Amino acid sequence: MENYTYNSLTLQLEGLKVTKNFKYPVFFLFFISYIVMMIMNVGISVLIFTDKNLHQPMYLLFCNLSVSDIIGCTHILPRLLSDMLRPPSERLISYYECVVQAFTTHMFATTSHTVLMIMAFDRYVAICNPLRYSAIMSNKMLIKLTVSAWGVAFVLVGILLGLTIRLNRCRTLITNPFCDNASLFKLSCESVFINNVYGLTFTVVLLTSSIGSIVLTYTKITVVCLTSKNKSLNSKALKTCSTHLVVYLIMLFSGMIIVMLHRFPQYSDYRKLSAILFVIVPGTLNPIIYGIQSKEIRKLLFEMFWSKKCPSFFCL
C-alpha cells in the first residue's frame, strides 16, 4: 500500500538520471553551455542598449527574447547542475520554490512564442509597408508590443499555476529535472480534469496563434517579394525573415518534442533530456543566428575586437 504525505512543504526532485561514469562530463557540458549562453545573451543585450545605431525596433524586440532566455536558464540550470552532484535523496526543494520555478519555466516558454509573434509583425511592417514603418513602429508601439508579449504570457501562466496550487498534494516526488506545471499537479490525488482541459486549451491557443501569425505574415511577405522587382528588397527580406524563421522553428520543434514525449511515460529519460535542451539549444543559438545575420552587430563586434587587438599605428 502506498504511503501518502499530505500537503508537504518539502518536495524531492528526481533529477536527471546519469551514470557515475558520465556524471561529470555531462555536468561540465551543461555548465559550459550555461556560461556560453549567459555571456552571449547578456553581451548582445548590453550591445543593443549601449549602441545607438542598434536602437531599432528589430533589435529592441530581440532583446525581449534574450531577456526571456536569461531568466529561463538562470532559474533552471544552476539548480539542475547542483542537483547532479547530489545523491537523489538530497535533491530537495521547498514547495513554494518549486511553484516559482514552474511559473518561471512556463513564462520562459510562453514568452518565446509571444515575442517571436511580435517580431514577425515587425518584419511584416518593414517589408510590406516600408514607407510607413517608422510611423507604425514608433516607441509607443514598441512599448505596447513588449507589454502585450509579457502581459499575455503572465496572465495565461498565472491561471495555469493558479489551478494547480489549489489542489491538495499527497505525493512529494517531482518526476522531472526541474519543476513545471505537469509535475506539480501530478502530486495531487484529486481530480485534475480542469487542469488538463485548461492546459490543453492553453497549448492549442498558444500554438495556433503562434503558428497562424507566422504563416500569415510570411505568406504576405512572400507575395510582396514575388510581385516586387526590387532585388534589394527581396534580398533584405530573405536575410531577415530566414533568420527569424530558423529561430522560430528551433523553438517550436524543441517544445513539440517535449509535449509529445509527455504522452509516453516509457520515454521519461528522453523527455527530461529534451526539457533541458529546450532551455539550452534555443537560448544558445538565438544570439548566434541573429548576430551572424545582422550586418550592424557584425560590424560593431569587429570594430570592438579589432581596435583592442590592433595597435593604433597598424590600424590607420
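Cβ atoms here come from the backbone N, Cα and C positions, even for glycine.
Copied over from TrEMBL:
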DOMAIN    40-290  domain 'G-protein coupled receptors family 1 profile'
TRANSMEM  26-49  transmembrane segment
TRANSMEM  93-121  transmembrane segment
TRANSMEM  142-165  transmembrane segment
TRANSMEM  197-219  transmembrane segment
TRANSMEM  240-261  transmembrane segment
TRANSMEM  273-292  transmembrane segment
Leading contact stretch, 93-121, 197-219, 240-261, 273-292 vs the transmembrane segment (26-49) - CB distance under 8 Å: 273-292
PLDDT averaged over the residues of the domain 'G-protein coupled receptors family 1 profile' (40-290): 87
Cβ contacts under 8 Å made by the transmembrane segment (197-219) with residues that lie 6+ beyond its boundaries: 110, 113-114, 116-117, 120-121, 123-124, 156, 159-160, 163, 181-182, 241, 245, 248, 252, 259
Outside the transmembrane segment (273-292), six or more residues from its ends: residues with CB under 8 Å to it: 16, 30, 33-34, 36-37, 40-41, 43-44, 62, 65-66, 69-70, 72-73, 76-77, 80, 108-109, 112, 176-178, 180, 243, 246-247, 250-251, 254-255, 257-258, 261, 298, 301
